[in-house]
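S.K.: What TrEMBL records for R168, E315 is active site. Per TrEMBL, active site, proton donor is recorded for C216. TrEMBL lists 26-189 with the feature domain 'FAD-binding PCMH-type'.
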Amino acid sequence: MIQNLRQKIDDRVRENEILANHTTFKIGGPAKYFYLAQNSAGLLKAVKAAEELDLPYIILGWGSNVLVSDNGFDGLVIKASSDKFEIRGDQIFAEAGLNFSRLVGEATKAGLTGLEKFAGIPGTFGGAIRGNAGAFGNSICGVLYEVETYKDGEVKKLTQAGMQCSYRDTILKHEPGVVLSGVVKLEKDDPSKIQARVMESINGRRKLPIEPSAGCIFKNVDLAIQEINEERIIKELDITLAEWQETTKYGKLPIGFIIDKLSLKEKTIGGAQVSTRHGSFIVNIGDAKAEHVMMLISDVKMRVRNQLGIQLQEEVQYVGF
């Protein structure tokens, strides 16, 4: 198989690559095969090769927002990377593997506003598109103009409407498809004002954990979609109605708030711990295994479900389970 892959892609396909070295969680066993795609053409070539060989594959960007099994992945892991982007008036085209922070920086220098809230979010542009990444009440779909994808043997373009965006979700999380590139539509503004807002976002993220993590493990509770018992939650969390109204003023119940009020911070299993700085993060405090993280996720979900009647949903993507 390795020779077939190298013939179809190139000689840089590797075997038994430890994925802990490619994830922000620093967790994960070996990929049977591993390839670093340096642009979208290489990404597409690798995907087509895997499909032709009937080999399972996944796309890995910067390795954030994923939890990789201790057993690794029995297939081809394609790591997407790229430095290709192009500013077109009030739009920016970028390949999927571009560092998301680089995209924010280039928009700032060009005097284009709309990406400031995403400053400091780790990952690639493609990963941000697929998961509708967001921060401080904003999401990437809010500025998304067009996405180029590969699906069912064809390269297709999707509009923002075609992406079927919702909170931390797009159609690409539910149907086969690989993001190759995207276009964001922004607005002109004074670069110095944009830079000030970028720094405000970065400073806001300094409150987040510094230990290895996947980012937020759980999605916040979308009150427009998920049914909850408000009176029960207020009572169980021992908060006032005013606190509830302030906490949910943006239409979501933050998971970090729930976990803090339930005194679940610092809960530890093996090398995995609920962060002391932000309850929605599970961090690797030293030699954590995926098994430890899974057990901790299960414990937190059970406690929240039993005490508040809320079924938490993971934001993190599982690989190799």
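Just so you know, glycine gets a Cβ as well, placed from its N, Cα and C.
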S.K.: Between the Cα atoms of C216 (active site, proton donor) and E315 (active site), what distance do you get, rounded to the nearest Å?
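M.R.: A Cα-Cα distance of 7 Å.
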S.K.: Around R168 (active site), how many other C-beta atoms are within 10 angstroms of its C-beta?
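M.R.: Here the count is 18.
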S.K.: How long is the line from the C-alpha of E315 (active site) to the C-alpha of R168 (active site), rounded to the nearest angstrom?
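M.R.: Taking the Cα atoms only, E315 (active site) lies 7 Å from R168 (active site).
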S.K.: Near E315 (active site), how many other Cβ atoms are within 10 Å of its Cβ?
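M.R.: Taking every protein chain into account, the count is 20.
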